[in-house]
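Enquirer: When I checked Swiss-Prot for this same protein, it listed these features:
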BINDING   CYS91, HIS133, HIS137  Fe cation binding site
ACT_SITE  GLU134  active site
Amino acid sequence: MALLEVLTFPDDRLRTVAKPVEAVTPEIQKFVDDMIETMYDEEGIGLAATQVDFHQRIVVIDVSETRDEPMVLINPVITQKSGDDGIEEGCLSVPGAKGLVPRSAEVSVSALDRDGNEFSFDADDLLAICVQHELDHLDGKLFVDYLSPLKRKRIKEKLEKIKKFNAKNQ
């Protein structure tokens, strides 16, 4: 397995809309394993393929307390939404920033698993929010898009300063 580089805002590649996975091949399965390893290494609870510059509809999520129950969602689709929720969200692609994002409280999802088998599930609480957040990535959308233009600008400026600082000190 290998760690993948996570793209950071405002990288334009994060705005790419992911294409459906045509077939779950051994290469896709290896990539999924690398995504899971990267998600755990980055201490995230979810990761979309778009965030690692692979523009196919793949998401990995683990909201379990023990951090040992990864979910793989290939070609995920939210089939139903209900209720209103929202928490202060963060993102591996927007390090150090958080913002309140309106989300549905419950979602129903259909997807393929790591082996290409179809499955469906209902999610609420943190899992529902995480699914919506990660599927936004597949559509080229970031949580900062839900924030005010001023807050989004401040986050962008902060991350650009950090990037310049890191580039100078390497």
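Just so you know, the numbers here start at 1 and follow the chain as drawn.
Yeah, the Cβs are placed from backbone N, Cα and C, and that goes for glycine too.
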Enquirer: Around HIS133 (Fe cation binding site), which residues of its chain at least 6 apart sit with Cβ under 8 Å of its Cβ?
Expert: GLY46, GLU89, CYS91, VAL101, ARG103, PHE143
Enquirer: What are the non-local neighbours of HIS137 (Fe cation binding site), defined as same-chain residues 6+ apart in sequence with CB under 8 A from its CB?
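Expert: Correct list: LEU14, ALA18, ALA48, THR50, GLN51, VAL59, SER93.
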Enquirer: Have a look at the recorded positions (CYS91, GLU134) and report the one with the fewest Cβ neighbours inside 10 Å.
Expert: GLU134
Enquirer: Which residues, same chain and not among CYS91, HIS133, HIS137, have a CB within 8 angstroms of the centroid of the CB atoms at the recorded Fe cation site?
Expert: GLY46, ALA48, GLN51, GLU89, LEU92, SER93, GLU134, ASP136, LEU142, PHE143
